[in-house]
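Colleague: My questions all concern the structure below.
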């Protein structure tokens, strides 16, 4: 499932993150690439664990912790600390798949990459190109979202970023280990939770159908969750 999550950051929060990022030193994006990705990747990136990356990343993690749609869709168990990249002057990232396991440098913190996330930090009208293109059974899905919006998609997906030919595309990217590793199971739970929330708004939390469906949701989560 590929999902657009609007307004993860407010415009004010985006501006605060950009103040941090624009004052930072950027390095070759291949610092975090696997062997396959390094062949296709051309961009700039904030060094992993740098003060700027930590400060902006903490702001994003705080926002995610308050985002009900993110929790419903991802069912996060672990979130890899957000990283940041910048594409300009023809930079692009060819078709690749993300590594299955991400290790935080200098620690024993590991994340199985069930989901990938890209949080846009530049308005789409300020640059040309830079679309995130995610492939699945049904074709290629493109994302170029307003600043503060995020796209969430299975980390097993082939994907690429088209060349940026004007301006600069700035974004955060990171990976999530879900409590439910299977994408189809996780999608079913998200769809069920969405309908439960709709019925709750219509009928109230004491309605018998709401209570029954909530029980089914939690029993499925109990069956499928790793946690």
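Cβ atoms are placed via backbone N, Cα and C, with glycine included.
It should be emphasised that the depicted structure is a prediction, and the values quoted were computed from it without experimental measurement.
From Swiss-Prot, here are the annotated features:
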type: BINDING; residues: 96, 98, 159; note: Fe cation binding site
type: BINDING; residues: 169; note: 2-oxoglutarate binding site
type: DOMAIN; residues: 78-178; note: domain 'Fe2OG dioxygenase'
Colleague: Nearest of the binding-site residues to the residue listed as '2-oxoglutarate binding site' by CA-CA distance, picking from 96, 98, 159?
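Modeller: Its closest listed neighbour, by Cα, is 159.
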Colleague: Using a Cβ-Cβ cut-off under 8 angstroms and a sequence gap of six or more, which residues of the chain neighbour residue 159 (Fe cation binding site)?
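Modeller: In sequence order, 95, 96, 97, 116, 132, 133, 134, 135, 153 meet the Cβ cut-off.
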Colleague: Of all the binding-site residues here, 96, 169, which one's CB has the most other CB atoms within 10 A?
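Modeller: By the 10 Å Cβ neighbour count, 169 comes out on top.
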Colleague: Residue 98 (Fe cation binding site) has how many other Cβ neighbours within 10 Å of its own Cβ?
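Modeller: Around residue 98 (Fe cation binding site), other Cβ atoms within 10 Å: 20.
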